[in-house]
Amino acid sequence: MTVFIIRRLLQSVLVVAVMTLLVFAGVYAIGNPVEILISQDATEAERAAAIARLGLDKSLPEQYLAFLGNLVKGDLGTSFVFGEPALQLVLQRFPATMELAICAMMMSIFIGVPLGLYAGLRPESIAGRTIMTGSIFGFSLPNFWQGLMLIMLFAVILQWLPAGGRGVRGEFLGIESSFFSWDGISHLILPAINLALFKTSLVIRLTRASVRETINLDYVKFARAKGLRPRRVIGLHVLKNIMIPLVTIIGLEFGSVIAFAVVTETVFAWPGMGKLIIDSIFQLDRPVIVAYLIVIVCLFITINLVVDILYAILDPRVRLADQKA
Amino acid sequence: MTLLSIENLKTHFFTKAGVVKSVDGVSFDLDRGEILGIVGESGSGKSVTGFSIMGLVDAPGRIAEGSIRFDGQNLVDLPEPQMRDLRGRRIAMIFQDPMMTLNPVLRVDTQMIEALRAHGRWSDDDARQRCRDVLGQVGIPSPEERLKSYPHQFSGGMRQRVAIAIALLHQPDLIIADEPTTALDVTIQAQILFEIQKLVAENNTAMIWVTHDLAVVAGLANRVAVMYAGRIVEMGTTDEVVNRPAHPYTAGLIGSAPSRNARGTRLTQIRGMAPLPMNLPTGCAFQPRCDHATGACAVSPDASTLEGDHLVRCHHPLVGAFDRGTAA
Ligand SMILES: Nc1ncnc2c1ncn2[C@@H]1O[C@H](COP(=O)(O)OP(=O)(O)OP(=O)(O)O)[C@@H](O)[C@H]1O
Ligand SMILES: [Mg+2]
């Protein structure tokens, strides 16, 4: 177990190193941030001073080495645009995105698993077919369009919910979050639904497929042959087995929800990391881009680790020690 | 005393491609303490017969006709809660593939105790004690430790013993054993057969032993039923069926079993393939593969009785024609 985690962490360091190298080269190839950051009518001297201040007067390898040196000290550089530490900028936005992602993921689990279970147990029923047809819509309608339609319907026509922004946060046990105030929740609902729709469809289809596959297996029939009630056969024998693929996929999807949040955050003016990264890319604000990606990579690594551990808990046949990291 | 009486059972699968008549008019009686062997090729409807008795036929299949009387009750139209009460408690089933019967993600104790608690209140201590006792009975060493294991920590033979133990938990009146030893190697098979025979005799349990191996049945069953394409084509005492088979198909099965032949003689073989239940030939289903077939076989034969209870479904039964050892 410990060996497993250490091996994972070493791999992560490697991933971060490769990723930062790519981002440095990538941003360099796209263009020179100086052109965007410094006004057209600045003097030559002002220009040179600005370039020196941003550290852009050095060669790319030199810049990269300097970055690595600071990285070891925990310093990810200062934003070209805001003049604030890049990591701090990203982390400030981190809770907003996590709120959205957790809320969306919860929705897709608590809606998707029961619906998928139903559709898997009664595939021929009208409700079962309706669920599957519905999930195709969730899959195929473009995310941004779904978002706009949600705004049209619930914010503009019905005026039930606000169209965008994050609202006032509440405080509970010293934690500040949208979950703890009605205004916060009302701002959270639409973007969370928007983000959840695709994932819900995915969870429905995955659950249904796993149920269809499991339900015909001998051990389920044997459980019934013991005289168990359907609730126990489904709730324990089937569910515990389909949890194995579900946890894996949901875990991995959680990472992609955070990445997908970019579109939703833009549509709903949600002040999260996604919006920050879009703005930063437009302005070639390299330190922020790098900081964002490092945070995301760390997040993915943590999620994968948690998934692997859960996997080993759920499936007694898996042992972490034997697993190739 | 008759425990189970099946009358003209028809279990059909109504698939999109057509009706699969997996069981098509099966009738037999079973007394308490009696062991009936059901023999037949793959696809002849043995498992479906067993599942019909358990009330566990999967959609799109259902019992289309007939009755299954168990201790006076007709199981065919018994409401599900009552059927569930019988399952595991009075009728138990052991499945074909021991590797697939136990749930891989649940510990053995979970799977045994839930079977006990499906039919009444059991304290933790009593339940564990009962599980240990039964595991001991089926020959599992150090039951206490084994209870805490997961199925993958057991060998195939051990898993099948656990499945048998689960079937024995409530001392049922009837056990349906669906080829429980086919997947195991010969020595384990012999051990398990021996133990089951002992336990069944002790408890006066009736048993249906499904297999495609006549040799296994010969040493175990009181009576044998031979199934072909969803019907019983021959049934009688084990001695009658094995030593004086009347149906050409039974004779063919015996002729093709290595253990039944004198050394050095060639094994006979039933020509052709078992028919698909989707398109059975009209008349006798065995006719296309039969050496004795005549024009009369175009009409489906009724069951006729030879001496005693020896029943055969054939227009040209091989009365006395088959003498074992020389026929090959
Ligand atoms: N769910 C189902 N849908 C359609 N047909 C089925 C279904 N289950 C069983 N059958 C058909 O019923 C027939 C009898 O199957 P059954 O499992 O009883 O055979 P068996 O005698 O037990 O064979 P084996 O020795 O291989 O176990 C087979 O032809 C099979 O295709
Ligand atoms: Mg079978």
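Glycine too: its Cβ is placed from the backbone N, Cα and C atoms.
Feature annotation from TrEMBL assigns domain 'ABC transmembrane type-1' to A:94-307.
Annotation source TrEMBL lists transmembrane segment at A:12-31 (among others). Residues 60, 63-64, 67-68, 71, 284, 286, 289-290, 293-294, 297-298, 301 of the same chain lie 6+ residues outside the transmembrane segment (A:12-31) yet bring a C-beta within less than 8 angstroms of a C-beta in it.
Proximity of distant same-chain residues to the transmembrane segment (A:98-121), defined by a Cβ-Cβ separation under 8 Å and at least 6 residues beyond the stretch ends, is recorded for 127-129, 131-132, 135, 177-179, 188, 191-193, 195-196, 199-212, 215, 234, 239, 246, 250, 253-254, 257-258, 261, 264-265, 270, 272. What TrEMBL records for A:98-121 (among others) is transmembrane segment.
Same-chain neighbours of the transmembrane segment (A:141-160): 190-191, 193-194, 197-198, 260, 263-264, 266-268, counting only residues six or more beyond its ends whose CB sits under 8 Å from a CB of the stretch. The annotation transmembrane segment is assigned in TrEMBL to A:141-160 (among others).
As annotated by TrEMBL, transmembrane segment applies to A:180-198 (among others).
Feature annotation from TrEMBL assigns transmembrane segment to A:242-269 (among others).
Per TrEMBL, transmembrane segment is recorded for A:289-314 (among others).
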